């Protein structure tokens, strides 16, 4: 291990030597200090003081530091620190040893001369030893370990020079199945061909339990909705019969004006091309492109003269004519630019006052895409603090989805073992059923290719002639880079700013031709100077380029099949010789149709142990691989299973690939091999390196970040294409729903994050934000809801007849639920109306110490009424005690109350929860009256002092507050959570009367806010 301190120490010693050589004549040797008792005492005191200060600093910094457990990295740092401290200690010891007593003596002539001679001799000996040992290092004699050998081989494979050399070497093909180039071509074709992958998946997985699943059907519908082609087809079908009877865009004058504006916009665009981003093209500088460019230059003069002769007699129309202005106004109203402006105004975004150039718009969009602050603001506004009510985001739903995936994999493997392997079947390509399936898939794929050719290639203006793939690619790239952007610039730069364009003049045509030739030349020049010369990599992931690549592949496959059919008709059938069988096997392995089947099926030789092992591994990881291929389009990282499989395949097959390459048998160059070779030459090293970077777990280095930023800033076509595709249609609710569903479908990311976070606690501060998050999580959690749902599932409910007791319980439940969940208290509205109801209501009551005992006017009436009420109350207590002792506890409360109310009409029953009458509460029957007209009871009170006189009763209950409550009226009391309420007396179903022990206040309080304390 290299310790950087050694170099520092060496530098320090060298500096000391240089300083000593410079100051040898000026040195003064001091006398050593004699160590006596005072020096020893001072040394010990210094050590004690330093120890005390160290402990004080340790105590002060104790609260500022966080102690963590010893991780491997921390132990490594400790060991390095120990080595560094030991090296420094040895360095100081050597420096002290060099200052010996002999050296402190005065320098004499002999000592100085001896020192110089010794130094010269040491330098000469050092140089001789260095020259003798030059070229003999320890590394040259060491054996090369396997790790170093493997690292060197990986480095060679990753280098660009070695890669190109290996590409040339692998152009000789053999009949082996596991060659790296064949596997890479197969993998890339599968990744690019999404439609073929889905078709192959549908052919292989024919189980109704897999195909008919709701999530699969939902994913298919989501892909159809998100497809722009399907959206345009649906729009055309719906709007076919809704066109306007008069379309000003189809008039001759408007078309002429539009053509002139297009040509003028081309001139304007080419004129300002130096002020904007330099255009970038990923087309290679091929010989036939140069030939085409030179030919176009030679023909441009002739074409220019021909068009000049044809346009001699044409006249120019007036741009300010009434008809032209009318068409221009209609075009502005119908244009997409107007809709976008109205959409931006409706969104509330202010329009900038200065002119927005295309370069400024591209820079602004790039800043928005790269800005992390915008994402955080959207997160704060839209997500943070809002409770999620979607069922798809609950932990239970994610867990169920994860278990479903596991069960599906298990079921798939189980069916494979039971139906195929368990019945002794061999997956051989020569079985009649497999041959028939192959033939059917070939016919279906051929039909699909023709359909794609008609709809994608011919329907979009491309010519499916005998041109090569490079020519088609160049044509498509030219269309993308010119027509689409020029038309958009026409709408935004010229028409939107009220500019008037002249007609199709001679100068405009000449400028158009010259700009086209200059643009092609400028693109190639910028490509060589700006991109290739600076080591930048051209991105192949542009949607337009991907679509062009897809088109070229479809056409190449169709052309290949046509050539194969022509070749079949030119040959006669002969007996298969070993050479022909070997060539057939090679063609089957290279064929694109064979890639859609399982790798290894249809071999004409006996399977070796290595091939059987590869087959079993592919069968075991097939279900995971298919799912992971879908996830290549998502923004999530590779799961651990896929990473492990990739690493295993790389580690296992490195040596095997080389051996198979050496065992390759050269064959003649067939048309299939020629086509494969051309396709491999077109696949650049950028694609492979990009895939390697996506597979590594390191962050992007500064050079890669700079290259990415430069690519984004330089590529003007890319930004314009992205902006155009992002604003061609408005965001419909279906599109938003599809986006949300696609984000919610993938549960692998959430489960992986959950597994990684499991068992890794971290100490964080208990901030108010964290408390808020905890409370929100507790409220959002539906675990309790699902638990209760599972308990009551299938039990059903028994309908009962509504009686007064059930009605009262239902209303109480409604009050409690409103108060607990919604924060709505229905009794507040009734309390606001209570003072008006209580006015002028008088109820006769008396108690010891009541004011009524001193009133001479009402004494007789009060005495008679209270005497009758007291007799009824005593009789009621005796009757209830006898009925309670003779009956069981299960008697309904509604029946008891009905009987009591029939016998004693003047009594009013209280809540069954408190039962104050059986405990002898001092509430007389006439003290309160209950009204059931509105479902809530009203308390008619006449004297507060008479209520306070009842606090001395020894049998009153004590309650504790469960929530905070603020008094809404004068006769109510306020309390907090945890307060004790004494002398509680029930009034009706929803209200009680009591005294708060903490404040000493007495008044009414809600019954659902307190709980009984034994």
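Positions of Cβ are set from backbone N, Cα and C atoms, glycine also.
On a predicted model such as this, the values are computed, not experimentally measured, just so you know.
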Position flagged as omega-N-methylarginine [Swiss-Prot], chosen from 644, 706, 795, 897: 795
Counts of helix, strand and coil residues, the repeat 'Nebulin 3' (100-136), according to DSSP: 24 helix, 0 strand, 13 coil
Across the repeat 'Nebulin 23' (795-830), average pLDDT on the 0 to 100 scale: 67
Summary of DSSP states over the repeat 'Nebulin 1' (29-63), given as helix, strand and coil counts: 24 helix, 0 strand, 11 coil
Residues of the domain 'SH3' (954-1014) by DSSP state, where helix covers H, G and I: 3 helix, 30 strand, 28 coil
